[in-house]
Amino acid sequence: MGFNRIVDTDIDLKNERTRDREIPAGKISKRSAILFVVLSSCGFLIVSWFINPMAFLFSFPTLIILLGYSLAKRFTWFCHFILGFSIGLAPLATWVAVREEIVWEPILWTIGLAFNLAGFDILYALQDQEFDQKEGLYSIPAKFGKKISLRIAIASHILCIGFLFMAGFASGLGFIFIIFLIVTSYFLFQEHQIVRTSGNNFFPPKFYQIHSYISLILFAGLLFDRVFYFLFLVF
């Protein structure tokens with residue numbers, strides 16, 4: 001995120017929605033932000049070295065993906081999916097750190113999370129549709145317009161639920177997780193409803209609040225499912 005703010009400083013300064021962000025608003029100097037990103041990146045690589053060899057090996061391409069997505073909207077409207085994948089790597093990276101292996105379970109979680117974030121970012125980018133078109137930036141809303149963008153976002157979130165269902169099944173989760181996954185689907189539906197009834201310029205805070213609940217709901221579903229399993233099925 002720090003690197004994103006650095007490379008987007010000039011763009012953020014032109015955009016009414018983003019000109020109050022820390023660097024364009026002068027709250028944080030660009031030099032301080034660069035130092036923060038460099039130190040954080042070095043810390044990430046060093047910590048990966050101490051975890052295990054596989055974690056260290058994959059830390060370099062992971063860092064490139066994390067930093068590279070900030071530049072993607074200058075070249076491709078596929079940028080939303082690059083962002084989704086960069087954040088979606090979290091389950092796979094955690095699995096590698098703990099178990100030093102790559103298997104299907106974390107891959108399914110990663111794909112599900114990637115589609116979740118990609119769908120959200122497509123909706124989020126609707127706020128900058130006109131600005132992106134004016135500045136020559138790439139995004140699905142700037143390329144295809146609101147109607148098709150909403151369809152792509154819906155498809156992304158349907159795929160998200162599908163892959164999370166498969167991930168839960170592959171991980172041995174049961175009906176409690178499925179119930180929470182249905183609740184997650186409802187929140188995603190509400191997210192789309194807010195976008196459909198809002199203008200393209202600014203979404204209400206509820207849009208962001210609803211999406212912030214999704215990870216908590218999924219975690220609660222996973223936790224309660226495992227607790228139920230060990231309390232009532234194992235013992």
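Cβ atoms are placed via backbone N, Cα and C, with glycine included.
Checking TrEMBL for transmembrane segment across the ranges 107-127, 128-148 points to 107-127. By the Cβ criterion (distance under 8 Å, sequence gap of 6 or more), the transmembrane segment (56-72) is not counted as touching the transmembrane segment (107-127), fewer than 3 such pairs being found.
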